[in-house]
Every structure is written in C-alpha cells, then in structure tokens.
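What follows is a single structure, written as structure tokens, with notes after it.
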Amino acid sequence: MDFELKTLTRTLICNEKADALIVLIPEGLTAGDDALSVLAALAIKSGDLEVKPGKLLNAYRVTGIAATRVLLVGAGDASPKSVRTAVNAAMGALKAGNNVQRAVLCLNALPTLQPEAVRAAIVACSETAYAYTTTKSKPAAAKLQQMVVAVDGLANAQAGFDKAVGLAKGIELAKEWANRPANHATPTLLAGAAKELGKLPRIKTEVLGPKEIEKLGMGAFLAVAQGTAEPLRFIVLRYEGAAKAEAPVVLIGKGITFDTGGISIKPAAEMDEMKFDMCGAASVLGTFRALAELQPGLNVVGLIPACENMPGDRAIKPGDVVTSMSGQTIEILNTDAEGRLVLCDALTYAARLKPRAVVDIATLTGACVVALGGVRSGLFSNNEALAESLARAGESSLDPCWRMPLDDDYAEGLKSNFADVANVAGRAGGAVTAAKFLQRFAADFAWAHLDIAGTAWKSGAAKGATGRPVALLLDFLLGQVQAVPAAQPVKASPKTRPARKSTPAAKTRA
C-alpha cells in the first residue's frame, strides 16, 4: 500500500476524490461550516454516531463531499491507543468491501495531532491491510492501493509518518517470514532473507554454517540441530549507524524454524503452529528492515541461531549432557526446552561484541502464555535501567510487556547431579526458570529477555503472526540514540530511501 502525507483543511478534504474517506471523530469535536463538519455534528446530535473508539457510521454519496463513501469513526480521547482502535474498525469495514482502491484518512479533527497518533494510525492501516499470499496458487490482489493521510500541517505529523512507514515495513517483513510454512522458511532460506537485508543501507550480513558453528564451540546449539537433515545457520546482522568504536545493542532472535519437541515430542494437535517458533528471529529481521528505513545513529547487531528441532535418529535424548560455548555443561532433561539451548550459545557469542546491552526475543515458554495471555510479552532483566527502557518502549509503541521476577530461589530447580545445570526445572514458574537458565550466560552485560510465546501469533480464525515485538524493539532502539554519536547519513537507492520529505506531500510504500 502507498502512503501519502498531505496537508489538507477540512474544506479541501471535501474536494478530495477517493473511494472512501475515513474521518476520526474525537470527543469535543470543534464546529465548522464545511460539509464534513456539518455531517459529523448532525450524526453526533442525532445519536447515530458515538465518539467511543471504534464506533462507526457509514454514509454514501454525501452532498458536498467528493469521496464515494464516508466513514465517521469515533476516536474517543484521541490518544494513540484510541486512534489505533478507530482505524482498525474503519479498515475492517473497508476490507469487507470490494471497490476501495484509494482512501483518505482524515486526522484533522483530532484536537492535538501527536506524532504517536499519526504512527498508530498508519501502522493500523498497514497491519489491517496485510494479507499473506506467498504460498497461495492464485493470490487475490490487494484492493486498497493508496492511503492519503490528511493533516492540518506537517510540523507534528512528519516525524510520526516517517517512523510509521519504517515500522510498517518491519512488521510486514516479520509477519511474512513468521507466517511461512516451515518448508518455505528453513534456516537456509531465513539466512537468505538476512542476506537480502544486507543490500540495504548500513546493514551487513554474515552467515555461519555447521563447520564455523562447531569451531566456535556452540555445543548446545549444535545438539538441538542433530535430529534434522536441515543444516543449521548462525546469522549475524550488523546495522552501522554510529562510530565503529561505539558499543552495539545486540538483539538475539530464537530461530527454531520448526519445533516438534524432538524426542520429547509435542502433541499432534496444533503442532502446525510450531512454524511460529522462529518469531523471535522474524522480529529481528523486521527490526533491521525498519532500521534501514529510518537510519538512526547507533550500532545494532542481530544474532539468529536458526535450526529445526526434530526427532531424527541422531537427535539428542533426555539425559544427554552437552557442553555450551561458555564451557558450562547442560543436562538435557527435556528436548522440547530447546530454545534456551540455542539462545545460551548466542548469548555467549554476544559477549564477544562488548555490547552496551543485549535483548533476546523468543517464543520460549507456554508458562508465559498462562501467566500473561496474548496481551503483554514477558520481560526479564538483570539491569534496572534496561528493563525500564524496554517497558517504556512497550507502552509508547502500543506493544506492551510486563516485568517478571528473577529471584535466585527460582534457580534451585535447575540443579543437576550430572552437569553444571539442567535445561528445565519442572512446571511451576516455568517462564521464570527458563529466564534463570538464560541469565547464567548473561552475567557479563546488561541483559533482557522477552518471552513472546503469547504475543507472537494468533490462533483460530485469525491465525497468523502479529509482527510483535518489532514496534517495541524499534522504540527501544530509537530511545538509545541520544547517547550515541551518529554516523554520517547513508544515501539510499530509490527503492530503499527513507520517507523523509520537506514538501507538503510525502509518498512512500509499506
């Protein structure tokens, strides 16, 4: 979908030709004598329209308005969250139709236009319009081709617009790779996606194969991949936005491209959803896509340990002991607790980079789903400042997380008679004990763990990846920029140039 940011008064909006005009109506709408303001005032007065977020009123062929269809949508207090709810409702109504190719989203009625509200509106448009088509033989063409975002002025809107377009591209890439079936998203293919990102401004990609991984001593990662014929890959992405001497923020994404559970095999029901076990990796790819678009001034490294967890004839067995890259030995009591095994070696690798902070992202535990459901991701950290930064980013990006405990007492269950540590500690507090396991490998740097098992995808009729937590990660990274000297801007090719315009109208595609 193409997005265009355009300065339009309410009067000019009435003259804008479009298949649909979406108008967000907040509490305390200011009066006006243009056709749009009159229509909204009459609808509210008659009781046909509520300003509660998401409430809709459709009108067709309104006198004085050039658009074929007008959707008045309640936006409540006009907060970013209310704006998102309103736009989701409007886009849902448009998606049900067949003839909308060009739409105008009017934000002029909002009392104070915050950049965050503009971002929320555009991301909601992009996410609602997204449809997975990669493995369909006859994919339906997207109906909606252009969305004009109408504002009173660019001063407050431009920053939110630029950020939203970059974020939308990142979320879409994360969704695309997470939604792909496992045979279309193998570790090798995932590495190929990372190499494509390496063609974008400031991004470099390195892919390590089995021999290089073995040479590094990543025994835990190698152990997980023993049961599959698909070769494992260790993917390293580097975004270079600051001086080389500046320590990077490291993002680690769990990349289990399909998880059967191994010898500790999962139940057959809903096992197809285990293609989503690489959503952590997908979120790292998506975040790097957004970084390439926005070009912030900091250094970021992405690490993706990618492999399958299969019950082949060489698969690890319950009771096996393996040696991790750190030198610590691990007793594998449950082969379905494989995510922490690939992550622990990635954490040890991250220490070599002398990072300013490390954040790992993983669909790690069903226990986190039980604790937090699908609303908030679980946040664990050994550093207060890092945890606070991530929590703030979650709130500001509408991609929230919740801080979970890391008391040392939780580690008692990880003790082993046969190794330095066991990979599981029983059912009680499973999300916390998994994080305690990872913490053993993050003693030398500020570290946080995001358990996205409940937020990375949806089941049922709406089955599919959510693209979370790309929004959280991007806001977190942008918040780190002020402390880092920026490198000189990199000129992008026309296909990848960030959408930053000083003219009254800016066009871009997400």
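One-based numbering along the chain as shown.
The backbone N, Cα and C atoms fix where each Cβ goes, glycine too.
Annotation comment: Swiss-Prot describes LYS266 (among others) as active site, evidence class sequence analysis. According to its DSSP assignment, LYS266 (active site) is coil.
Annotated active site per Swiss-Prot: ARG340 (among others), in sequence order. For the recorded site, ARG340 (active site), the DSSP three-state label reads helix. With a cut-off of 8 Å between CB atoms and residues at least 6 apart in sequence, the same chain places LEU364, ASN423, ALA434, PHE437, LEU438 near ARG340 (active site), listed in sequence order.
Annotation source Swiss-Prot lists Mn(2+) 2 binding site at LYS254, ASP259, ASP277, GLU338. Secondary structure from DSSP puts ASP277 (Mn(2+) 2 binding site) in a helix. The Cβ neighbour count for ASP277 (Mn(2+) 2 binding site), using a 10 Å radius and every protein chain shown, is 27.
Among the features that Swiss-Prot reports, Mn(2+) 1 binding site is placed at ASP259, ASP336, GLU338. Non-local contacts of GLU338 (Mn(2+) 2 binding site) by the CB criterion (under 8 A, 6+ apart in sequence, same chain) comprise VAL224, ILE256, ASP259, GLY262, ASN309.
If you look up Swiss-Prot, you'll see 487-510 marked as region 'Disordered'.
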| task | Using ASP336 (Mn(2+) 1 binding site) as the reference point, find which of the recorded positions LYS254, LYS266, ASP277 has the shortest Cα-to-Cα distance to it. | result | LYS266
| said: These are the binding-site residues: ASP259, ASP336. Which one scores highest on other Cβ atoms within 10 Å? | reply: ASP259
| task | Could you round the CA separation between LYS254 (Mn(2+) 2 binding site) and LYS266 (active site) to a whole angstrom and send it over? | result | 19
| task | Would you mind pulling the DSSP three-state label for ASP259 (Mn(2+) 2 binding site)? | result | strand
| Considering the recorded positions LYS254, LYS266, which residue's Cβ sits among the greatest number of other Cβ atoms within 10 Å? | LYS254
| query | Where LYS266 (active site) and ASP277 (Mn(2+) 2 binding site) are concerned, what is their Cα separation in Å, rounded? | reply | 13
